[in-house]
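*Asks:* Starting off with a structure, shown below.
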């Protein structure tokens with residue numbers, strides 16, 4: 001027994017008697033128990049429940065129905081609409097947030113003074129409580145006193161105030177616009193951080209090598225940022241696909257399912273229609289997509305750590 | 001070599017070209033966009049336009065929230081809406097506080113002490129939901145920081161089997177928030193008989209944020225110099241003493257940042273709060289949602305309540321800005 | 001081939017009207033075609049800023065930068081046809097060595113085909129002996145290899161000027177010496193005018209054709225390595241150049257026949273007038289001598305009339321065949337570099353002396369040089385009839 005071990009024995013012989021190879025894991029146990037019980041176990045539970053037909057009102061009395069819930073997803077046109085909405089949400093929302101966020105991040109880096117204050121202000125939409133941000137947009141898109149209607153009238157795009165949130169054709173878009181507003185600041189901050197991480201000397205070396213500003217961007221900035229951008233892209237996908245509050249606050253997924261995305265549909269199926277089995281099957285679907293995104297996230301992450 | 005060849009005129013007229021304009025030889029590598037006046041103006045116009053539109057999109061909703069909160073109930077209903085409030089008024093804030101006092105059951109007390117009678121049509125206790133949220137957020141923050149830090153120390157300092165897999169599971173669990181697991185979580189909480197308790201949220205939020213803390217603090221410990229730990233060993237500290245007396249004080253800023261991260265997540269989370277609580281125990285997000293849904297003709301009151309519940313978040317943001325990117329990406333991107 | 005001229009170049013960071021910081025102050029430097037100029041000075045003296053103004057990375061607040069008589073102040077860095085080697089090399093980490101080398105060639109509108117660029121890359125890589133590294137990325141290279149790539153990236157374009165910003169500072173001592181020689185040879189071979197920034201006086205002395213010594217943004221002296229060593233313009237230059245540091249003592253000076261009489265606290269000696277070019281306008285002087293010029297023994301016995309003194313050895317730092325000895329003399333602390341130190345221990349008494357040719361005198365008030373070091377024999381024989389000056 002080493003001297004250090006002897007002094008440590010004051011903290012308990014019980015711990016000391018555990019072999020070192022197991023003792024290492026002890027500090028990790030509490031976190032893993034917490035995560036295991038409240039995050040990992042529910043995932044397994046969702047998979048299990050998805051094979052049952054059961055009501056939220058009596059969750060213990062499920063009936064095994066095999067793949068019937070998945071069949072429902074396959075055949076129900078409402079759910080097709082939801083999946084299509086989700087696809088539009090994720091693709092349009094992510095691409096727009098990335099484009100807008102990148103421009104914003106570049107402006108922060110290149111054009112704005114007091115970068116840290118400016119970036120704190122830019123971040124406000126992201127950190128604001130979700131419900132607050134969503135309700136502002138709900139108000140702005142409103143049909144009676146909405147400022148956006150007024151703006152459209154002033155610009156001559158529409159003649160009179162129109163109903164947007166309550167319209168089956170339009171209701172998908174206002175939450176997307178709100179979501180871009182919330183996510184773009186996050187991407188802007190990622191962009192800013194990546195830009196700041198690029199050694200100033202590389203740009204100077206490129207200037208000496210005769211590269212124009214565009215060429216410096218094309219050949220230095222973009223390649224240097226590629227993994228960070230990939231991380232940001234995956235984050236946008238993940239945040240978009242798992243979003244609930246923006247849609248729920250603004251439209252509750254309606255009218256009908258016209259603005260419902262997967263998470264909103266899960267909520268409605270489980271807590272409005274009480275159909276736990278179908279909601280679980282939808283959860284598994286969402287879970288699989290998130291797993292794919294996470295897999296790539298971890299892959300890019302490992303790449304990043306190994307870079308340079 | 002630095003030839004003076006001009007691609008347009010050819011080498012034979014070199015001397016003439018140089019005689020005419022001695023700086024001509026420095027012009028051979030120019031671009032229209034960056035070296036001509038027209039190009040410069042075009043760039044300025046495009047950048048200016050893009051900046052303006054971006055900033056409007058980003059900041060106008062925030063401005064609109066503040067302005068709306070400062071309008072009177074009467075002005076709110078004007079069509080078209082006023083961009084600048086004509087008669088700035090704190091009516092919205094007054095109504096929020098009055099309704100809180102009444103719903104919270106303090107109306108009688110106020111009447112006795114101040115002689116003011118409160119009768120509010122709105123029955124959401126904003127102060128109450130803030131207190132609930134504080135309880136849940138602080139609880140979750142403490143759990144996440146304590147458990148996460150202990151785990152991260154070992155994950156950073158020691159090598160053992162399954163470490164990478166563990167880190168990956170934690171990183172992946174960051175990506176799986178409420179919406180994917182709200183149904184089984186509801187079942188679980190009912191099984192545990194924790195439905196409609198704040199403890200359920202504290203535990204769930206703790207579980208959701210401790211991976212954040214693990215990643216953030218692991219980043220800190222990874223960069224923590226070994227020599228300081230060795231010095232403390234030479235000074236005869238045990239591992240626990242080293243951790244407590246040497247590392248924790250140095251980690252103070254990272255710990256506070258971790259706590260604020262966990263706090264903010266708990267403060268903002270809607271799905272679990274909505275599905276696992278009943279009205280009277282609501283935290284800020286579902287509480288505000290009922291407020292929005294119930295009183296969406298009184299937007300000045302909604303906006304005032306929004307501002308009040310946003311303040312803790314904005315204060316937190318100011319502190320953790322430096323750690324933001326690291327925290328959000330699990331340390332993938334270093335600032 | 002470029003004749004570089006700095007004409008009154010000034011750089012102020014911040015607002016010149018208010019509390020701007022003057023980084024470079026009215027600099028006049030002329031570098032003839034093919035010369036190797038070293039900008040030397042302590043950190044913060046403005047040497048790097050000067051280099052960056054030559055390269056176009058900073059814009060002068062006032063004054064002109066001229067290439068072959070053409071003012072290039074308004075020419076952007078990318079159009080100046082100048083190459084620069086950075087302290088941290090600044091290699092593009094995401095590109096292979098081949099791409100790093102070819103990057104500049106591809107940017108120039110010089111009608112080179114990809115094949116020609118490839119040939120040129122190979123040629124330069126062979127010259128620098130890095131041809132087997134062409135497909136590696138900078139992160140896989142050692143410091144010395146990165147340095148070579150950085151040099152290659154500069155050479156390959158055959159620019160008007162080479163600029164070096166402390167290119168050796170990130171290398172270990174051994175590598176620094178070999179690379180120093182290589183840079184020197186390379187520059188002589190290609191004959192391209194170069195400006196080189198360093199704070200290391202030894203590096204400057206070995207590599208430069210001309211050294212410009214800067215302090216607080218002001219040019220202290222522009223001269224050959226010999227000149228700045230032997231004839232430092234002022235006390236700052238004298239202290240900055242040469243290692244170990246010069247010994248300095250207060251003294252007064254007066255005329256006595258055909259010699260100047262230098263009185264110091266603990267000793268006095270004569271300097272023959274023929275060794276001095278300037279008129280002394282002051283009596284208060286600083287007396288300096290370099291540790292290398294101190295020799296063991298009684299000065300008078302050896303026919304010279306320089307100062308001599310006894311010192312008690314405090315510390316001995318052997319450096320090969322010689323040793324740097326720190327001692328307490330009746331003048332105060334003294335540092336000497338002497339041979340024959342074996343057998344010496346701390347506490348021993350030493351008799352030390354300096355030849356009058358080697359004594360430096362500075363005006364105590366202006367710190368300007370009054371008498372420099374003359375290259376003369378320190379031997380026992382008579383000093384040369386006329387003090388040979390280099």
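Every residue gets a Cβ built from N, Cα and C, even glycine.
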*Asks:* Which range is it, out of B:1-22, B:23-44, B:45-66, that shows up in TrEMBL as transmembrane segment?
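*Replies:* The range carrying the transmembrane segment annotation in TrEMBL is B:45-66.
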*Asks:* For the annotation transmembrane segment in TrEMBL, which listed range does it cover: B:225-248, B:297-320?
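*Replies:* Per TrEMBL, the stretch marked transmembrane segment is B:297-320.
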*Asks:* Scan B:107-126, B:167-186 against TrEMBL and say which stretch is down as transmembrane segment.
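*Replies:* Residues B:167-186 are the ones TrEMBL records as transmembrane segment.
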*Asks:* Let me check one thing: do the transmembrane segment (B:198-217) and the transmembrane segment (B:45-66) come into contact, meaning three or more Cβ pairs under 8 Å with sequence separation of at least 6?
*Replies:* no
*Asks:* Please work out whether the transmembrane segment (B:136-155) lies in contact with the transmembrane segment (B:297-320), by counting C-beta pairs under 8 angstroms that are 6 or more apart in sequence and asking whether there are at least 3.
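*Replies:* Counting Cβ pairs under 8 Å (6 or more apart in sequence), the transmembrane segment (B:136-155) does not reach the transmembrane segment (B:297-320), since there are fewer than 3.
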*Asks:* Hey, which bits of the same chain come close to the transmembrane segment (B:167-186), Cβ under 8 Å, at least six residues off its ends?
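*Replies:* Residues 155, 204, 208, 211-212, 214-215, 218, 269-272, 275-276, 330 contact the transmembrane segment (B:167-186) from elsewhere in the chain.
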